[in-house]
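Colleague: From TrEMBL, here are the annotated features:
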SIGNAL    1-19  signal peptide
DOMAIN    90-193  domain 'Plastocyanin-like'
DOMAIN    203-350  domain 'Plastocyanin-like'
DOMAIN    440-558  domain 'Plastocyanin-like'
Amino acid sequence: MKKLFFLQAIGLFFGVGQSAPSAQVDVAPRDLEKRGPTCNTASNRRCWSDGFDITTDYEAKIPNTGVTRRYEWNITQHTDWVGGDGLPKDIAMLINGQFPGPIVKADWGDWVEVTVRNQLECEGTSIHWHGIRMLANAVNDGANGITECPLPPGATKTYRWRAEQYGTSWYHSHYSSQYANGLTGSIQIEGPASLNYEEDLGVFPITDWYYGDAEALQRSLIPRPGAAPRSDNVLFNGSHVNAQGGGEYYRVKLKRNKRHRLRLINPSVDNHFTVKLQNHDMTVIATDFVPVNSFTTSQIFMAPGQRYDVTIDASQTPGNYWFNVTFSGSQACGNSWISDTHPPAAIFQYDTVQPGTPTSQGTAPPDSKCEDFISYTPVVEKNVPRGGFSATEDNTLDVELVNKPWENFPERVYWNVHGSTMNITWEDPTLEYIAAGDLDFPERYNLHTFSGDWAYWIIENTSGIPHPMHLHGHDFYVLGRSPTVDSPFVAPFVPFNPATDISKLRFDRATRRDTTMMPAKGWVVLAFRADNPGAWLFHCHIAWHAGQGLSVQFLERVADIPGTVQLSDIEPVCTQWTEYYATSQCLQFDSGL
């Protein structure tokens, strides 16, 4: 495959080939305003514009706004960077010098173009747009080694994608565990909602934070036991107090007697947590990018990669209230050192009172046991064909923790999926193979193909660690999963049993999202419609585990992929990367993802 890159004309060396766009209206990112007739008001959030509302299936129909949102990003590297908690981080990698990165804002149906310039000292990079469907557009998915080569230092490329869904998401580097150094940000796509509200508080990312360098931390997981490190802090929209007493709590203002929309995001590397606003309920209106029939709860468990759009009624006694983050008692899904001194929290303040520290600690939520809630119903209800499902060896993916040699390491901790560990080659992405007409993939690419209109997968977890599983290019249907066990590290593994478990699956009006939990010592069954040609990554969203190989690729509608991607879309950056990497000092030491 490498020979193909060196045969390219010099004129392909710079930039990335793109299909000619239709006539577009450029709108600056800061000018987030709805264009054309709209019926979306505080008293009618279900409506959006003529012919589009909350009941519109965005997989079948999206608005044609004629608008392209353009962004320009510089990715830079900083040593001993002082973050929003007041303490230095060894190595920070930032977009336009900020953390979190710039918010990508658009309206439903807009096109988004982001030009990325890599100014890192040594490492390549890529940007993945988490949850974005990328229909027939896998080449812009941003998964290096799968859909593209990494962008080398000094190079520039432009990603182009359409806001086919609406709601809340985030983006991050997919180059090893690089996003643990700060390469993340939020996505806010305006559209209808399943519940009325007056105020939109915007995105609210809550993330673990590590003072050490991401590569150093990932390398520390090579020998046994290979366990994920505790985070040093938890940041709320980039801020929090630190263990030494510095920093400050992030503060959100509520307008008394108003209903507020809050867009919760967990862009963590490892930490799963439960969030709770003391003395207030939250009403969930969307999970990931899927609008749901609203339901009210006092707390929400959030795995890495998951998003929840909620509304909050500011109807309590005016004051300052804790917004708390708590961890599962088993510590099977992460913890943070900051919990030992300052329980992670933000402050929600009514606008009629002075800022202050809440006087009531409130009550802790029940232990989540690392389990996300799946018993809700999407607004747009869909059914999964029952007749297409069967339990076979071909559609069962077993996840196991192993120790084995890898290149120059005599033994290292790795995750096997279906007997193989993901280990891509950055300079030979899967889509480049396909565009070149080569379907002879290395075994370590962990590729799975399937036929038919629907894909059904049983994922079984033999380990005592639950995993947040994320699929690129799709919303999947969560058909069912095994019960959560109380003592996952000592409990026996319980595989999927067709004789007793098929009847427990929910095929009608099933929950949809793009990230869900796979329980420890058990199983989860997922389905998705095979309608998006491409190579789509399915992986654990604990970044350390993805680096340890916990991923597979789904190769979908292979015959249709060449019609969606050309060699000229991929090779310009791949040529630059291959030439740069030949003399680079920053070499691949993990799965590459």
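Each residue, glycine too, has its Cβ placed from N, Cα and C.
Keep in mind that TrEMBL annotations are predicted by a computer and have not been checked by a curator.
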Colleague: Can you give the mean pLDDT for the domain 'Plastocyanin-like' (90-193), rounded to a whole number?
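Modeller: A mean pLDDT of 99 is what the model gives the domain 'Plastocyanin-like' (90-193).
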Colleague: DSSP says what for the domain 'Plastocyanin-like' (90-193): how many helix, strand, coil residues?
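Modeller: When I sort the residues of the domain 'Plastocyanin-like' (90-193) into the three classes, I find 7 helix, 50 strand, 47 coil.
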Colleague: Treating G and I as helix alongside H, and B as strand alongside E, what does DSSP give for the domain 'Plastocyanin-like' (203-350) in helix, strand and coil?
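Modeller: When I sort the residues of the domain 'Plastocyanin-like' (203-350) into the three classes, I find 10 helix, 69 strand, 69 coil.
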